[in-house]
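Below: one structure in structure tokens.
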Amino acid sequence: RFIAKPCAINLGIQDSGPHRAQPNAILEKVFTSITKSPDGKRLEGLSKQLDWDVRKIQRWFRHRRNQDKPTTLTKFCESMWRFTFYLSIFFYGLRFLWTAPWFWDTRQCWYNYPFQPLTSRLYYYYILELAFYWSLMFSQFTDIKRKDFLIMFVHHLATIGLITFSYMNNMVRVGTLVLCLHDASDFLLEATNYAKYQRLCDAFFMLFGVVFIVTRLGIYPFWILNTTLFESWELIGPYPSWWLFNGLLITLQILHIIWSYLIIRTAYKALVRGKVSKDDRSDVESSSEEEDVTSNSTKGVFSTSSNGSNRINGHVASGQWTEE
């Protein structure tokens, strides 16, 4: 309210939502009582009843679906909050771990385990991360709706479970490595969202993709999983909670693979089209997409719109992959 909103206004991001549908009692009744996306047969019936063109009715339903969605300003403020936290906590964790012996030698995570001291800096680092992910868990139900809601829900559950479990079992040393590694790319992702300059936005996204894939598909399995699966087995041996701990870490790795595929697919589209495409997870529909479908159904020809109607402030609405 006091920081993100003024920044958004200075960047030229306006507090204006999607175009509102004109009042119509018949269409409103269909929208609220029957369906929000009428099929071709129903569209033809409504067209005869209202003496409206089919495309006009489709446009009305699209505007009606979008008018209750959050504005670009709301999305920007949400992303800026996460960017601020991720950036701050990443540099805090990096500064803390730079002098920690287990940052340079992961076998130090298991020496004298579980009788390892819990320093105040380590404690606050853990509690801040845990509190933030709990806030994401609850705010996911009220924040901008995404199509990857279930994947994110599983991710938050796994993250909270890992932080809590590792804290209770005093596995905080390896836990700090996992947290810092994940924060390394998260702030770059938030920086790609709703920027005014398309090229800068695309550059941040490409940088985010490289850092994400290197950290999640390279460093994570060969550094983190190597120490939790093999070095811990060698130094302290397996125990009942060892299986649960590594099961949660492997669950995260599976999610990393899924997200890496989505990032690579988006980067490929960016190279083909010359810009980062719209967020595939976003539920806000663009007018160009629906008009393409309409053209296909009415004329039998599929044409790609290039008028940039879904662009906002110099780039496409809904930046790519807003939450990891």
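Note: Cβ is positioned from N, Cα and C throughout, glycine not excepted.
Sequence annotations record features per position, and here TrEMBL assigns domain 'Homeobox' to 27-71. The annotation DNA-binding region is assigned in TrEMBL to 29-72. Taken from TrEMBL, the feature domain 'TLC' covers 74-272. TrEMBL lists 83-103, 123-142, 203-223, 243-264 with the feature transmembrane segment. Taken from TrEMBL, the feature region 'Disordered' applies to 279-324. If you look up TrEMBL, you'll see 298-312 marked as compositional bias 'Polar residues'.
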Ranking 83-103, 123-142, 203-223 by the number of C-beta pairs under 8 Å to the transmembrane segment (243-264), which range is first?
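Looking only at 83-103, 123-142, 203-223, the most contacts with the transmembrane segment (243-264) come from 203-223.
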Count up the helix, strand and coil residues in the domain 'Homeobox' (27-71) according to DSSP, in that order.
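So the domain 'Homeobox' (27-71) is made up of 31 helix, 0 strand, 14 coil.
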Could you pull out which residues elsewhere in the chain have a CB under 8 Å from any CB of the transmembrane segment (83-103), counting only those six or more residues past its ends?
109, 121-122, 125, 128-129, 132, 173-174, 176-177, 179-180, 183-184, 186-187, 190-191
In the predicted model, what is the mean pLDDT computed over the domain 'Homeobox' (27-71)?
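Mean pLDDT, the domain 'Homeobox' (27-71): 79.
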